[in-house]
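Following: one structure in structure tokens, then a few remarks.
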Amino acid sequence: MLRTHAAGSLRPADAGQTVTLAGWVARRRDHGGVIFIDLRDASGVSQVVFREGDVLAAAHRLRAEFCVAVTGVVEVRPEGNENPEIPTGQIEVNATELTVLGESAPLPFQLDEQAGEEARLKYRYLDLRREGPGNALRLRSKVNAAARSVLAEHDFVEIETPTLTRSTPEGARDFLVPARLQPGSFYALPQSPQLFKQLLMVAGMERYYQIARCYRDEDFRADRQPEFTQLDMEMSFVEADDVIAISEQVLKAVWATIGYDLPLPLPRISYEEAMRRFGSDKPDLRFGIELVECTEYFKDTTFRVFQAPYVGAVVMPGGASQPRRTLDGWQEFAKQRGHKGLAYVLVGEDGTLGGPVAKNLSDAERDGLVAHVGANPGDCIFFAAGPAKGARALLGATRIEIAKRLDLIDPNAWAFTWVVDFPMFEAADEATAAGDVAVGSGAWTAMHHAFTAPKPDSVDTFDSDPGNALSDAYDIVCNGNEIGGGSIRIHRRDIQERVFAMMGIDHDEAQEKFGFLLDAFSYGAPPHGGIAFGWDRITALLAGVDSIREVIAFPKSGGGVDPLTDAPAPITPQQRKESGIDAKPREDKPKEDAKSKA
């Protein structure tokens, strides 16, 4: 080893020892005839002092981020010179030897200052030398180990599934890889290990997991990555409660890495209740504002805006004092979310109602409104009216925005809930309008995915009454973030074919794209279920950072570009020719002889 000790490990008990440290020059300070540097490695920082002779002369050429090795004697700092901000703040190393292991060019940004994201990603290897980004990756490693430990205790088998597979409709666009040996044909990078993990259950593995890389060619969305990581799990001979129970053990171990004792079991809420109370299927439960149903209250109204299939409200405490410009800003807030506006009523300190909506209400509607929605003098009541799904979503977004503006969210709180009893299907046009990909050509598409089993009560009726069919699905939500989702899977060929047909995937297409799965279901497939955790999002929450880019070693920018390597990049004409991108696929693709040697 080029060093005897880690820089962050030295303490007063080490005084008198001769040590060799290796790391980077974080700071250099000239104090008269003495030079101090902060020497940083992965463990922390130690102060090194160069006082005399050749070692002092050599230290004059040191600059920020030079990589060095220093030998010296550990000394207790003089009284009054201690630094209580760092663990090594009571000692320093009196240098006797200095070796420059690698010089540094002038830095594109100072590591102790905040740099722009583009520069940070382009020089990510420098960015990761900083304490915050570097520790985020170290935390991620601990999180991986914690999850693996729990799953090993419960007899899970870690299995790697293919990253070169065939393109199947799973809810997003595939990244395609040309198959050079079969010109005109393409592999697809997996959007998830979903189909392979189900095949592993058919294979009798019973308990599977992997920390899986997944790929989705999606349109730009804030804080999304084209390649991301899941903790993927699947179990045979289980019901939803069994998957939830083991998932909670994983979450408890993972949150213990930051010293938080997660109380179990976690609460559960139905999808219908989550939408009704919070306007979201991933409700943030760290604060108490809830939506109020007003449809029945306004059933006889003459106000045309409220003559709608759904009318709801959310109360902003103290919101009546907002200036007109701020209230106008709420209208823009609604328009950005695809709505015409956000109606409001202001409750005066004397209880009188103001604002443009109040004058359109009847005396009876005005008299009982404050009590109905639970408002107080000085509050603002926001309304949304229209189809229930869209209006509730607007009120749910308004609820979150109110909490942010009023500072109602405790940043140190953890609020978990399972959301259960999801609809099995959603209207395809609604899915498309929300920016999702509607799989199949039917009027209905799967809300989770096509392999989610219906609840027992919906098995016989989901194709005749799709709007009321419930799936045996469950999502886990933390602080308003969906951090995992799973379900009991379909394990019967006949039910899977009915689901495909419901989604507009006909028999021939189903056989072409999913025949391998359907065939497997013909050989004694066990009941099974599982879950996939968004590992990047979970790690970001644990690290206390806003973006998943902070917990990925070499992330892409928001547009899917890697500033470090300048990927994606054009290929050469020769590469294009060799890959067979433009070739017409042969209809009689060669098949591997099952008897041939591997």
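Glycine too: its Cβ is placed from the backbone N, Cα and C atoms.
Since the structure is predicted, the reported quantities are computational estimates derived from the model, not experimental observations.
What Swiss-Prot records for the ATP site is ARG216, ASP217, GLU218, GLN225, GLY534, TRP535, ASP536, ARG537, and among GLU272, GLU273, GLU482, GLU578 the residue it adds there is GLU482. Looking at 18-21, 194-197, 210-213, 426-429, the range annotated in Swiss-Prot as region 'Aspartate' turns out to be 194-197. Using a Cβ-Cβ cut-off under 8 Å and counting only residues 6 or more beyond its ends in the same chain, the region 'Aspartate' (194-197) has close neighbours at 161-162, 165, 168, 170, 208, 232, 234, 449, 451, 514, 516-517, 530. The Cβ of HIS31 has fewer other Cβ atoms within 10 Å than any other of the recorded positions HIS31, ARG216, HIS448, ARG489, ARG537. Counting Cβ atoms from all protein chains shown, TRP535 (ATP binding site) has 27 others lying within 10 Å of its own Cβ. Summed and averaged per residue, pLDDT over the region 'Aspartate' (194-197) gives 97.
Long-range neighbours of GLU482 (ATP binding site) (same chain, six or more residues apart, CB within less than 8 Å of its CB): ASP281, LYS282, ASP475, ILE476, GLY534, ARG537. Spacing of TRP535 (ATP binding site) relative to GLY80 (site 'Important for tRNA non-discrimination') is 45 Å (Cα to Cα, whole number). When the alpha carbons of HIS448 (L-aspartate binding site) and GLY80 (site 'Important for tRNA non-discrimination') are compared, the span between them is 62 angstrom.
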